[in-house]
Structures are given as C-alpha cells and as structure tokens.
Amino acid sequence: MRLTVKSATLLGLVALIALAPLFFPSGFYYRVGALIFVNGLAVTGIVILTGWAGQISLGHAGFAGIGAYACALAPVHWGLHPALAVVLGAGVSAVLAWLVGRPILRLKGYYLAVASLGMGILISMVLNNERALTRGPDGIEVAELGLRAVLKDAGLELSNGQFWYFLCGLVLLAGAWLALNLHDSPTGRALRALHGSEVAARTVGMDVARLKLQAFVISAVYASVSGSLLALQNKFITPDVAGFMHSVEMVTMAVLGGVGSVFGAIFGAAVLTLLPQVLTVFAEYEQLVLGAVMVLVMIFLREGVVPSILRKIRGGGE
Amino acid sequence: MKTFLTTTALVALGLAAPALAEIRIGASISATGPAAFLGDPELKTLEMLVEELNAKGGINGEEIVLVAYDDNGDPNKARTFATRLVEDDEVVAIIGGTTTGTTMSILAVAEDAEIPFISLAGAIDIIDPVKPFTFKTPHTDRMACQKIFEDMQKNAITKIGMISGTDGFGASMQAQCKAVAPDYGIEIVADETYDPKDADMTAQLTKIKGTEGVQAVLNPGFGQGPSIVTRNYKQLDVGLPFYQSHGVASDGFIELAGAEAAEGVRLPGTALLVAGLLAADDPQKPVVDAYKAAFEEKTGTPVGTFGGYAHDAFLILTDAIARAGEAEPAAIRDAIEATTGLAGTTGVYSFTAEDHLGLDLSAFRMLEIKGGQWTLVE
C-alpha cells in the first residue's frame, strides 16, 4: 500500500515533533524547534499562495507584523485575552489581504508582488512611526498567554521552552493538515489548474480572480498566526517582524525546500532557521553561505530540495 | 531526516564539555547588521579584555571563557542566542544587547533564568522599573537631555528647536527630552524628524530656522543622520548654538561631518573622548588611559564611547565575580548590586538595589568640537 502525500506528510511531522526532543541535549533546542515550527507555519501559507496558486507576495511579513502587534496591543488597550488577540490579528490580516488583493488580482502577471511589497513596507512604517500606539522601533512587551499556568494547574508541568515547542508544533500540524486538505479539495485543484495555465482555467469557467484572492487571504492568515505565536513566545516584539527582509526570508524558505510541497517548505524553514545557529562560528560568512546554498539549489534542484530528491528516488524506481 | 542530521551536528558543536576551573561569560552583540558600528567595537573590546585578564591569571585563578554570538541587531535572534547561552552554554552572566530591542529580548530570558545581565543599550526602560538581574552601563537618554539642558540653562537659552531621527535611539531621546525640558524652563518651539536613511535634512532645518524665537537646536540621533544634519546646518548658516547627542560621541562623527561644519557643536560625551585633557587626579584617568592605549594598539582604530560601554560592563562583572569569590549567578548579582565607586570609562559606578545604572550626571562631560578636536566645556 502506498501512502498518500497527505498522510505521509502528517505522519512525518508528528514523528518529527514527538521524537526530536529525545535527541535534545539541552533546553535550548526546544527554542530552535519552536522557531522552526513558527517559520514553517508562515511558509505553509506561502506554499498555498506561491506553490499552488502561482502568485508571489513580497509583503507577507506585514501580516506577521499585524498578528504580532495584535497580541501586543489588544490585551493592553481593549482588555482582550491574548488567545483572542491571535484571532483578531488573523481577522485584520484577512480583511487587509482581501482589500489589497481584490483589485490587484484581477490583473494577470506579477502585480501582486509589487502591491504586496508596498503594503508590507507601509505596515512596517506604521509600526515604526506610530509611536503613541506601537512604542516605535524599540519594540513593545507582549502579554503572557497564560496557557502554561493552566496546564500546570491541570497537572502537566512544562518548561517555557517545552511548552512553546509543543504548542507551535501542534499549530503547525493543524496548519499543515488544513493546507493538505485544501490541496485535495475542488478549490485546491482549481488553484493548481490556474497555476498551470490561467487562460485554460478561465476557459473552463473558473473565477480566476476569486480563486487567487482566496489563496492570498488564506496565506495572509497563516503569516498572521505565525507572527502572533512569535510575539507571544518572545513576550517582546519590534517592528523588525514586519520588515522586508522577513518577507524575503519566508519566500526563500519556501523556495529552498520546495514551494509546491508542504513538507518541503517546512524542511526549508528548518534549514534556514538552523543555519545561523550552526554557523555562529563564522557568523561573518553567514550571508555568503546562505547565498551559495540558494544559488546551488536553484541550479541543481530547481523544484526545491525535497521535491527534487523525491523525484530522483521515484525516477529510479519507475 | 535531514533535520536530525543537522541537529546531531549541532549537538556535536554545542557539547564541548566545560573544563574545570573556568568561568563562562556569555555575550550577544550586534557585531554585524544595522547596529554594527556599535557592536563591532563592543565585541572587539570584550575579546581583548578576556585575553588580557587570562594572561594575568584570570579571576581568583580561574580562566575566563567568553561565549559570544552575533545577533545582527535582530531581537528574535538575540532571544534565541540568550536562550542558548543560558541553556546550552551554561554561562554565569550575560553581557550584551547592543540595541534596546535586542536588550529587551535578552532581558526576558535572563530574568527568567536568574542570570545577571549587563546591557550596553541606552533606553531608560531597561532599568526603570528595576529588574533584579538586569544592569546597564550607558547613561540613559534622559540623562543626556538633562546634561544638555543644564548647559543651555547656563547660557540663558529657553526656546529650542529639535530635529530627531525616527530610529529607536532618536525617537526615545526625543520623547525623554520633551519630558524633562520643563524642569529646566526650556520650551520646544519646533519639533522636526527625519528618517535615518535620509540624504538631506535642509527642509526640516529651514523650518526650524524660520521659527520665531528659536535660540538653539538639538539633534538627538545616531549613525550618519546627525552628520548630514550638521553639514546642512552649516550650509544653511543657521548660526545658532547647535547641540548633538551622546549618540555621535566618536571621532567618526567629526570625520563624516567635516571639521568645518562640526566647529562649535556641543554634546555630552564620556571621559574617553578627552582622555588627554583629563586632570591628573581624575579618578577615571588611569582606566581611560589604559583602555585607550590597549584598544588602539590592538585594533589600530580609535576608541569610541560604545566600546567603552562594553569595557565597563566587563569591568563591573569581573570585579563582582572577584568579590563574590564564587562564580554563581545569584552571588554575582548581589556583588554587582554592591559595587561602589568603581571607575570605568563612562563614569564612576555605584549600584544600589534601587539604581541598576549606577551613574549620575557628573559622568557626562560637556564637550565642544574646536578645530576638529574635542575640548572640555568648563
């Protein structure tokens, strides 16, 4: 019996999240794991948008910024529970993505890349300059989620690192599961069809603009939730989270691992999150190594690391 | 599966077992990235001092091991490295946090783990309210404002214009100056801002120049922005007394702005910049001279205020460890808090349970640039 891509990906993720801690020599690795999962979640959104619908966004960090600052501001100003602030951030991101995407995605081509680039920069500027609200470039403290204390009362005592590792892992798992369900749904098929040929998709009666818009909104929610998780975990957030480089990082992770595959994208997130930790010894050459890795992957493994390797393995068997 | 392999590689790198009789000190510094001009001298200073101290036999016979990471000025990375220092490298204290953002990230980890942490960043929020394990060496931006306003008061200046950078440093100092200005009877009649990456600030300066009653101009900011403001100020021939912040207290500023444009600019700086002009009985003179000589010989570049912050952090920490007699985080913390009259390059430090900065206004010297050189204002 052959496993479907969906069950193989989910099983792989579950095994990874559950078993990896057995190999952790210290609490620090929980932190790295949690970061990988947070980045993996954002990158899963990129897979839906870029890998399946074929649209490119260079402003997704803006949505992460909205998610992060929702968690920083809503509990203080409106007395909202941080968990609800995550939902609020996701809602605001979705509405904004809809407003930006609706006029832009009627056009054919790469207009979304430019529009989202501008949008991301605007969000970052607002976070930097609206000092009365966001406290500006020095950043702002974020309220405690409080879930860890609840778990402790229920008899499950986790260290801070462990708690965020498993929470982020579970959210990533849920995110990957939803994305993989979408992949096999009529909407997912339609998205992949329009990626293949927009003209053909239109000819068979698909509402191309609406489909692209759906993908953009969904991926914005993924980015927003990842930003929220980062803010709640760090308990402190600066406008850097919405910066242009963070947007580029998300796209790079997806492309490196394989933008058409959820598992591949999460793998890309893992590599690019781990590299700076492995490369601390030659921190000065970190950018150089990253660049070289990207160039080599683009030349030799054009679909991204995971899909290319899988193809090679299958190609040998078939 | 690749992840496992990489993790195993990490394990191998991280698990260099600590030898006996060594004291592990951690640092997360922004040696590259947008704050590199602060972080680079800080890291070089720490490396130099560790080497120096070990050559002299360490502290109480124990060798110092510095575990330093470069956080690129990214608060998220700083938090990761702080976690790594605490959980994996098992350091007894952390120095670092070049910027306020990275400091706030490290602070949360250090306080959680109850590890003493000495920050190199300016904002007052770091030590106000006082957190048990967090200390810092630079003066706050509020103190810089107070020092400048004191000087203005002496010169009977009551109405000023401000032009501030919108980066963290400029924004924070702008807010602090506005808060303390009334205490000195000073009114801010013009309040302009610029983006740190702007190439020209003539428009804002023209507006300030045209404002009724302005008697002096103050420019909180760091990096290249203030140099451009200073050049534009000269080009527009504003002609009013011009004050810069401690953010540009380095020879690099005079070089960038040009000696001609910088002529007459006043700013609050540290003893380090005017090492040659200090009185022979100045308590800071020996430490300033020693650091200046060692740093300039080692790196071939002039000393700056920022490397001095790292120097003082290391001095306070090693002094505390020596007095504590044991390299235990709680004992080190108590010893730091008990520090009195320790002369550093930035000022003379005396910490208390209520004061984790340990400096007062006297640590600042009012400096004026004359003929491309720093001079003391009496």
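Glycine is treated like the rest: Cβ placed from N, Cα and C.
The feature transmembrane segment is assigned by TrEMBL to A:7-24, A:30-49, A:56-76, A:82-100, A:109-127, A:163-182, A:215-233, A:253-276, A:288-310.
Of the Cβ pairs linking the transmembrane segment (A:30-49) with the transmembrane segment (A:288-310) and spaced 6 or more residues apart, fewer than 3 are under 8 Å, so the two regions do not touch. Beyond the ends of the transmembrane segment (A:56-76), by six or more residues, the same chain brings 42, 45-46, 49-50, 82, 84-86, 88-90, 92-93, 96-97, 110, 112-124, 127, 133-134, 140-143, 216, 219-221, 223-228, 230-232, 237, 239, 241-251 to within a C-beta distance below 8 angstroms of the stretch. In this chain, the transmembrane segment (A:215-233) lies close to the transmembrane segment (A:163-182): three or more C-beta pairs between them fall below 8 angstroms, excluding pairs fewer than 6 positions apart. Taking every recorded stretch in A:7-24, A:82-100, A:163-182, A:253-276, A:288-310 and counting its Cβ pairs under 8 Å to the transmembrane segment (A:109-127), the highest total belongs to A:82-100. Sequence-distant neighbours of the transmembrane segment (A:253-276) (same chain, 6+ residues past either end, Cβ-Cβ under 8 Å): 5, 8-9, 12-13, 32, 35-36, 39-40, 42-44, 46-47, 50-52, 172, 176, 179-180, 183, 283, 286, 289-290, 293-294, 297-298, 303-308.
Between the transmembrane segment (A:163-182) and the transmembrane segment (A:288-310) there are fewer than 3 Cβ pairs closer than 8 Å, counting only residues 6 or more apart in sequence, so the two stretches are not in contact.
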